[in-house]
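Engineer: My questions all concern the structure below.
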Amino acid sequence: MKIAVLPGDGIGPEIVAEAVKVLNALDEKFEMETAPVGGAGYEAEGHPLPDNTLKLAKEADAILFGAVGDWKYDSLDRPLRPEQAILGLRKHLQLFANFRPAICYPELTGASSLKPELVAGLDILIVRELNGDIYFGQPRGVREAPDGLFKGAREGFDTMRYSEPEVRRIAHVAFQAAAKRGKKLCSVDKANVLETFQFWKDIVIDVSKEYPDVELSHMYVDNAAMQLVKAPKSFDVIVTGNMFGDILSDEAAMLTGSIGMLPSASLDANNKGLYEPSHGSAPDIAGKGVANPLATILSAAMMLRYSLNRAEQADRIENAVKKVLAQGYRTADIVTPGCKQVGTREMGEAVLAAL
């Protein structure tokens, strides 16, 4: 099995290195090939997603991704910015389903910004559609306003749109995920204002007829954002569009104590996927050896489970992470009084020892 390893920018190379060590420590042997992406791709090839990197990603059975982005690239034209690499990979590989688990480990309830009783035992899965919505809708751009109160003034515009096949396929993925968990699915929309999301809601209701054992509910996105803080454990699986999912998944991440703990998977129709931590490249701490590698290590576990059909090995990694937390090891982002603060490499070594 071939894994494309794309470390990227900022803390990406540091955290991916620890995940690779963990994969190498398993009984399985994987063919792993590394390629530049993001700012590293721009520096090497003049583009955030070089042709050879994309070719490797297409040929691989799965992709382990670090993070992209750095302030020094903010002046580049948008198509050349590091963040375009992840958008390009999603588009070219048709990665339409994003899984973002938000799990609060018992040892980390004190690190959450909410009261322990609100987050203890928290286990939410956010299923986000990745290929449609306002992020990719056309037309978009800057122009002279053709009408309205400020006709003739410069305006920026984007297009929110979803096709029926796009909504149906993500709805099926979400219902199937909910069927394997608590059999509760909440579809988050803004159907009271947006035609696109009334359309979304109607299709999700239609798909629900194929999953009678899953309880379907609907919630407007503003209320969902509030309920995630007020009563987060009332959710099991959430399905939503690209932009709403982008925002809500980061909000849910912070309920757990640190976004540095949370993995993610972006899958195609055949479960080939790109696996990455939910956090960004954090250029402010790059090279300092303090980044939390656990989200990336847990992303590698998700890769084993979903794309490589190695659930037993995924369990080993996840159990090792739980053991390390129980032993009191903490990186700076999750440290609490009485725990042992360690750096990136030390945390990786602790997971290896726990394996």
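Heads up, the Cβ atoms here are built off N, Cα and C, so glycines get one too.
Feature annotation from Swiss-Prot assigns substrate binding site to Arg90, Arg100, Arg128, Asp222; the stated evidence is sequence analysis. As annotated by Swiss-Prot, site 'Important for catalysis' applies to Tyr135, Lys190. Residues annotated as Mg(2+) binding site in Swiss-Prot: Asp222, Asp246, Asp250. Taken from Swiss-Prot, the feature NAD(+) binding site covers Gly280, Ser281, Ala282, Pro283, Asp284, Ile285, Ala286, Gly287, Lys288, Gly289, Val290, Ala291, Asn292.
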Engineer: Name the residues of the same chain, 6+ apart in sequence, whose Cβ is under 8 Å from the Cβ of Arg128 (substrate binding site)?
Structural biologist: Ala97, Asn98, Arg100, Val239, Thr240, Gly241, Asn242, Phe244, Gly245, Asp246, Ser249
Engineer: Determine, to the nearest whole angstrom, how far the Cα atom of Asp284 (NAD(+) binding site) is from the Cα atom of Asp250 (Mg(2+) binding site).
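Structural biologist: Cα of Asp284 (NAD(+) binding site) to Cα of Asp250 (Mg(2+) binding site) measures 19 Å after rounding.
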Engineer: How many other Cβ atoms sit within 10 Å of the Cβ of Val290 (NAD(+) binding site)?
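Structural biologist: By my count, 18.
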Engineer: When you measure from the Cβ of Tyr135 (site 'Important for catalysis'), which residues in the chain that are at least 6 apart have a Cβ under 8 Å away?
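Structural biologist: When sequence neighbours closer than 6 are ignored, Tyr135 (site 'Important for catalysis') has Leu87, Asn242, Met243, Asp246 within Cβ distance under 8 Å.
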Engineer: Name the one residue among Arg90, Asp222, Gly280, Ala286, Val290 whose Cα is closest in three-dimensional space to that of Lys190 (site 'Important for catalysis'); these are the binding-site residues.
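Structural biologist: Closest by Cα: Asp222.
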Engineer: Given the binding-site residues Arg90, Asp222, Asp250, which one's Cα is the least distant from that of Lys288 (NAD(+) binding site)?
Structural biologist: Asp250
Engineer: To the nearest whole angstrom, what is the C-alpha distance linking Ala286 (NAD(+) binding site) and Asp222 (substrate binding site)?
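Structural biologist: Cα-Cα distance, Ala286 (NAD(+) binding site) to Asp222 (substrate binding site): 34 Å.
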Engineer: Could you measure between Gly280 (NAD(+) binding site) and Asp222 (substrate binding site) for me? Cα positions, answer in whole angstrom.
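Structural biologist: Distance between the two Cα atoms comes out at 24 Å.
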Engineer: Between Asp222, Asp284, Asn292, which of the binding-site residues has the fewest other CB atoms within 10 angstroms in the structure shown?
Structural biologist: Asp284
Engineer: Spatially speaking, which of the binding-site residues Asp250, Ala282, Val290 is closest to Asp222 (substrate binding site)? Use C-alpha to C-alpha, please.
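Structural biologist: Closest candidate to Asp222 (substrate binding site), judged by Cα separation, is Asp250.
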Engineer: Give me the CA-CA distance between Ala282 (NAD(+) binding site) and Asp250 (Mg(2+) binding site), in Å, as a whole number.
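Structural biologist: Cα of Ala282 (NAD(+) binding site) to Cα of Asp250 (Mg(2+) binding site) measures 15 Å after rounding.
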